[in-house]
Amino acid sequence: MNVYYEQDADLGYLQGKNIAVLGYGSQGHAHALNLKESGLNVCVGLRPESASCAKAREAGLEVNTVAEATKWADIVMVLLPDQNQKAVYDAEIAPNLVAGNTLAFGHGFNIHYKQIIPAESINVIMIAPKSPGHLVRRTFTEGNGVPCLIAVHQDATGEAKQQALAWAKALGGTKAGVIETSIKNETETDLFGEQAVLCGGSAELIKAGFETLVEAGYPEELAYFECMHELKLIVDLYYEGGLSRMNYSVSDTAEYGGMTRGPRLITPAVKAEMKKILEEVQDGRFAKEFIDECNGGYKNLNKLREENSGHAIEKVGAKLRDMMSWLIKK
């Protein structure tokens, strides 16, 4: 696996080019501002009615429609929600691309699952910071950066990889390390991680633990602290030094209990289900299901959102978080 740093990337591959960042959400604002402050010529492409137009202009960025920004640009970074990209690409991006342009993405979903199929005369690259946008922005302003993944899907000009590395450098990523991968590997591992561990697995584990304690007669407040609130303390230890750092930092009681009881929860049957989830990502079944869900008006997703928001852990959690003066209230 190739890892690149400051000396491996040259901003010259982006200097003098017009760069459009489509979208101004979590990642979009970080990409646009970091590239602008790296001395590059950037504009933001948004719907005219978007509330983000005013925010981008207030930050000193030029704002145009998606079509206008694409037509003006040599390099176009698509940072719109996955489910919106195909329609916007077909209507406003593709008609305004010309041979030799570069089309960039922050995630490979639409390229990998062939929702978007660019012309062969276009460079297609991916630059994916492995952090939320606010952290991409904050570390840049502090003179640092976050690790990034890059991939080249199509190299029409012979400069696609150099452009991807230069973009990662302009984000600050080469100060932390830039890993070269493929669209396929980024997409499939990202989706699996979200579903089986980060967003799906962890949420269900938290709820099951909370419910087990409450059903046994313990106060909801204690159940919340033990199964939700304190999870951050453990994850921070993982983040800083891996599993060993966590085991070293907790009590012997916690370490022994975790090592002997944890495998009783995450059994071979659970791992077998993980493999099924991965297969659904790999063969496109999840992508088709998600696209159909979006096209159908999010009926199942909205139902699931309502069920989750009504869970007891959400209600007691909101009450307890109001008592935590150190939390930034939003």
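Quick reminder: no glycine exception, Cβ is built from N, Cα and C everywhere.
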**Asked** Which of these, Gly100, Gly108, Gly133, Gly143, does Swiss-Prot say binds NADP(+) at the same site as Tyr24, Gly25, Ser26, Gln27, Arg47, Ser50, Ser52, Asp82, Gln83, Asn84, Gln85?
**Response** Gly133
**Request:** Let me know how many other Cβ atoms fall within 10 Å of the Cβ of Ser251 (substrate binding site).
**Result:** 8
**Request:** Using all protein chains in view, find how many other C-beta atoms are within 10 Å of the C-beta of Asp190 (Mg(2+) 1 binding site).
**Result:** 18
**Asked** Nearest to Asp190 (Mg(2+) 1 binding site) in three-dimensional space, by Cα, is which of the binding-site residues Glu226, Glu230, Ser251?
**Response** Glu230
**Message:** Can you give me the Cα-Cα distance between Glu226 (Mg(2+) 2 binding site) and Ser251 (substrate binding site) in Å, rounded to a whole number?
**Reply:** 15
**Message:** If you count other CB atoms within 10 A of each CB, which of Glu226, Glu230 wins among these binding-site residues?
**Reply:** Glu226
**Prompt:** Just how many other Cβ atoms lie inside 10 Å of the Cβ on Glu194 (Mg(2+) 1 binding site)?
**Reply:** 13
